[in-house]
């Protein structure tokens, strides 16, 4: 039960990494407010208190920001936690993400004057070709509510590809079972993956491939990619294409490069779509399923596809690498990944980051090893959410 002392009137100032809005209490203490839009005046309920700061959640919007809109998705209005920025106008989302990246580079990388530019955004409607749902007690595919184990029916999801929405209308999932659904925007092929030891899915159409090895073909930048259900892929082909274009802008040296290293290569997206057809390619990936896909996708290229942890990789003797492309998980390169990238000895490194603080942290690590930050482009590949994608260029000094 909350008490009057738990409720505070606050004015949201700006977003921070993680998607909350920062505000200040009358005594100057910082409050991170979930559900607030910068410029809002809100009545917020405190959920956590620490020395010097606290967390709160919006209970009532007293005065709405000029950037606040009604959520366009019925699932969000029911409490779905997937798209946490739907109350922020779409045109405002990418500018706020750029500011979040600026702040991360200023605080974590100690680069207050870093060159951060605004890139492109995908269409916010139906952009996700991969989604994860869980069965509720009635067997309905559902998403988790915001910061809760409660479930919200996924039917009608605004960001799911239309071919996935039709699946959500038809399938029945055992209660508590998590299922990953994927569709190819190019071919219409669909896959479903779940742990069969934990339950089952009924009423799947006959055309849906089942299991981690089920495959579909997706098309990005004029190239066809085999993507297995157990392999990572971007939020959709539109996002993948924006990333490929951004990588090419970050490293014009890719045109005519003798050798390129694609670290955390997945199914070979950048190795195939962002490089010169004459370049020698070396890819490193730790997912066996993705490695098998990459071998298929790069079969017509001069390529060495390695199954390994990037942190253990070192440049083979006699190989001169011109450009490194690295797309690590949300946690970033870290020290092992940085050591591997540095061992390549390339004059240019392109880092793709899906967390602004990790991007700034990796920037500081690469700086320690003789690489200078040479610009970051911020993309919005996940509209209606706080998630940020950065493409950063580094040059050896």
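Indices start at 1 and increase along the chain as displayed.
Note: Cβ is positioned from N, Cα and C throughout, glycine not excepted.
Annotated S-adenosyl-L-methionine binding site per TrEMBL: 234, 264, 285, 327, in sequence order. For residue 234 (S-adenosyl-L-methionine binding site), the count of additional Cβ atoms within 10 Å of its Cβ stands at 27 [all protein chains shown].
Marked as active site, nucleophile by TrEMBL: 354. All chains included, 19 other C-beta atoms sit within 10 angstroms of the C-beta of residue 354 (active site, nucleophile). DSSP assigns residue 354 (active site, nucleophile) to coil in the three-state reduction, outside any helix or strand.
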Near-site residues: S-adenosyl-L-methionine, ref 234, 264, 285, 327, CB cutoff 8 A to centroid: 232, 262, 265, 266, 269, 270, 290, 328, 352
Binding-site residues listed as 285, 327, least Cβ neighbours within 10 Å: 327
Distant-in-sequence Cβ neighbours of residue 264 (S-adenosyl-L-methionine binding site), under 8 Å, six or more positions away: 284, 285, 310, 326, 327, 328, 329
Taking residues 234, 264, 285, 327, which bind S-adenosyl-L-methionine in the record, the widest Cα spacing (Å, whole number): 15
Alpha-carbon distance [residue 354 (active site, nucleophile); residue 234 (S-adenosyl-L-methionine binding site)] in Å: 11
